[in-house]
Amino acid sequence: MVENILLLFILLWSAVCVKGDVYKIGVLTQSENDTDFMLLKSISQISDVSFDPIFNDPLNNITNTFCVSFSDNTLAVIDLLNPPCTLCRKICNANSMAYFRTDFSYIKPAIQLIESYVMWLNVTREITLVFTNEKDADQAIAYLTSGESHLRSIVLYRLTSKEIEQLRNTKIGVRHIALIGNNLERHLETIQKENLIRHDESWIIITNTTNLIGLKSSLVVMKITSWENGGYANKTSRVKKFFDFLLYFLVHFTPQNRQNFNCDLSSDVTLSENRKKIEDIIRSYELKDEIHFEADTDLVTYNDQAEIYKMNVNGVPNHLGSWTANDDLNMKYLVSTVSSGRRFFKIGIIKFIPWTFFEDTWKGYCIDLIKKLAKEMNFKYELVVKDKFGDFNNITKKWTGLIGGLVEGELDIVVAALTMTSEREEVIDFIAPYFEQSGISIVIRKPSRKTSLFKFMTVLKPEVWLSIVAALTVTAFMIWILDKYSPYSAQNNQPKYEQFRNFTLVESFWFALTSFTPQGGGETPKAISGRVLVAAYWVFVVLMLATFTANLAAFLTVERMQTPVQSLQQLARQSRINYTVVKGSNTHEFFQNMKLAEDILYNVWKEIALNQTNNRRDFRVWDYPIKEEFGQILAAIERTGTVPNRTIGYQMVLDNEQGEFALIHDSSDIKYEVYNNCNLTEVGETFGERPYSIAVQQGSLIQEEISRKILDLQKDRFFELLNAKYWNASKMSMCPNADDSEGITLESLGGVFIATLVGLLIALITLAFEVIYFKHKRAKVGEIIAKKRTAHKDPLMYGHELFMTVGKHSSSDDRKRWANKIKLQDSTAARLNNALFYRRNKF
């Protein structure tokens, strides 16, 4: 094959010599020392081909130089510039002149090989390219920026400490890292020493050998066969192939086909026909497997070839497939066999309850969202914790925190309670908000209520209760007196009434007391004077009962619903409740910005009002017409002092049991604490609302993918489930007095039940007293009856005893004498014993 090409070349060269013609070729090149131009020039020395360089002078328009440099006998133009001269190509086409654009370096095919492999994996198009010299890196940048490649790349040409740190903190979304070149041992040693290969599937190495010294990783190695036996030095063979192609064209493109050269871009049928003849000549070239010409771009490419291997942990290569520039990839395995297809992202978070917090592991709303996105989008991730959201430092001119991580490339995604602002959107990209509008609200401690079982007694003042007791007492006495002395009362007219109620003093008190009950006092006095008194007393009772009932309901209702303030404006106008914010928080910044806006508006208004000459009457006001509300609030916050973090702020609120300290903070955070702490309550409406959103690097390709996934999750109500999980309002039902609409608690009216129980106990005690009293009275009555019976029995016994003592024939003197000896005070047995004794001894 090579011998045939050389033979053809010799024949063509001989034919040219015979003709005596010299082929003039214009070459657009960067400089006379350009490597590609020098190779072309060295090869042309053995032929009648003259290469006239046209240098790319930045100070002059290259098209002007191009038009002046060429003569009418120039047959073709070779463009070695990167990027190419587009206008030069149009001028050549307008003059029916052949135009060839080519690149002899291996940078372009190497990038095309990487792009083919990455597109086959269908994971990401973002990659970091590491070259072994600056020239290759410059050529790669030129090709990547030409619009021919679809990769988003970072290009490095050395591995200093800065580049190593950049590789260690590769931008989120840049999944692949490609190392390109020959003699990579030094670079591989650095990579291994710095432990840069943490994700094997991300690394691609393009070189001329698969024998990677000391590298034990399952990375991908692409061996370009054209680089064997000299690597880059083999560029000469590529130049020779192009020169053979060029000679073939020149031999077949006869001078009569040429047109007079000019820079007029007008075209006609003749020019179009000549252009078609040029394309036909090129298409007739036989070595199409080695040279490929793209008619649409006039680009000459070469059919480079490569073999693709997957190294295992032992350093043994496994052949995956092959690649050619003309036929693209030819893989032996499926994508799932070669790669897991899981991308790797660094996701920035910040500790912010309930969004992200640490309890053995990271938990929270954002963590659940990250896990869901990782599952749905099939990627792996690493959490990077920052201490703040981020601000722009006017001194260093850099962003800090999460925003700085995205800007500097340390982070790929930020999933946090990050507020969308126009200032941040200038340096990063936000995705559709994932959370409902949040804002700022106020939290205070629920005022501690002193529980009292006799709360109902506090509805009326003590003097009112005493007045009621006095009225009842006076009324009872008056009813007793009127019923006793009125000539028309029932007890003074007994023949007139068969049955009547005798209003004794006790009965009068009972009537006055029972008149306060729905049962009523019972039978009323019969006298008109008594009835008038009772009627007046009933009016008093009705009014007092209605007043007590209404005040009791209002008292208990106000007790349940009472909150010290209802809005930010009320909080600002009062002085009893102190309030503060977390130092450096978004809330603190909100008040500072609003105060600044008030100051600016005031200064603008003052300037306008004071500088009026003709229309001062229109500005004749007694005071500044806009409320300086936020300035007063910020001044009050500074007097109280800000708190360093939310934990201290909530603790200060809880420590004030009277509810006289408030924290102004993020509303979502406050709702979370209120749902989890029964002693806290949120007051007022949410203000300063703003959306929370996921952020990515500016121009990141994953932005659209995450946006679609967020919309899908919204349709699946995933965010509603997260809201219910972390803002669970049902927890409040476990708090005492959680729902005021359920009624009055036992602590407020427990005294009523105690009063009833006391009444029951008094009734039981009274019952016991009645039983004891009844038994005592009955025993006394029995004793009296027994004494009466004994008094009647003693004379009978006495006569019988006397008869037994003296006998029935005794005289009266004997009975009298013995009667004095037998005493009635003795017991019956004693008397009988004495009588028998006396009789036996004949006293």
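Placement of Cβ uses the backbone N, Cα and C atoms for every residue, glycine included.
So that you can see what the record holds, here are the features copied from TrEMBL:
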DOMAIN    344-729  domain 'Ionotropic glutamate receptor C-terminal'
DOMAIN    354-408  domain 'Ionotropic glutamate receptor L-glutamate and glycine-binding'
BINDING   THR419, ARG424, THR587, ASP666  L-glutamate binding site
TRANSMEM  464-482  transmembrane segment
TRANSMEM  535-558  transmembrane segment
DISULFID  CYS678-CYS735  disulfide bond
TRANSMEM  749-774  transmembrane segment
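Sorting the domain 'Ionotropic glutamate receptor L-glutamate and glycine-binding' (354-408) by DSSP state (H, G, I as helix; E, B as strand; all else coil) yields 21 helix, 19 strand, 15 coil. In this structure, the C-alpha atom of THR587 (L-glutamate binding site) lies 29 angstrom from that of CYS735 (disulfide bond). Sequence-distant contacts of CYS735 (disulfide bond), defined by Cβ-Cβ distance under 8 angstroms and a gap of at least six in the same chain, are CYS678. All protein chains shown were included, and the count of other CB atoms within 10 Å of the CB of ASP666 (L-glutamate binding site) stands at 25.
Here the binding-site residues are THR419, THR587, and the one ringed by the most other CB atoms within 10 angstroms is THR587. Site extent for L-glutamate: the farthest pair of Cα atoms among THR419, ARG424, THR587, ASP666 sits 19 Å apart. Neighbour density for CYS678 (disulfide bond): within 10 A of its CB lie 15 other CB atoms from the protein chains shown.
Around ARG424 (L-glutamate binding site), the same-chain residues six or more apart in sequence whose CB sits under 8 Å from its CB are GLY390, ILE403, LEU418, PHE430, ALA695, listed in sequence order. Here the domain 'Ionotropic glutamate receptor L-glutamate and glycine-binding' (354-408) returns a mean pLDDT of 87 for the predicted model.
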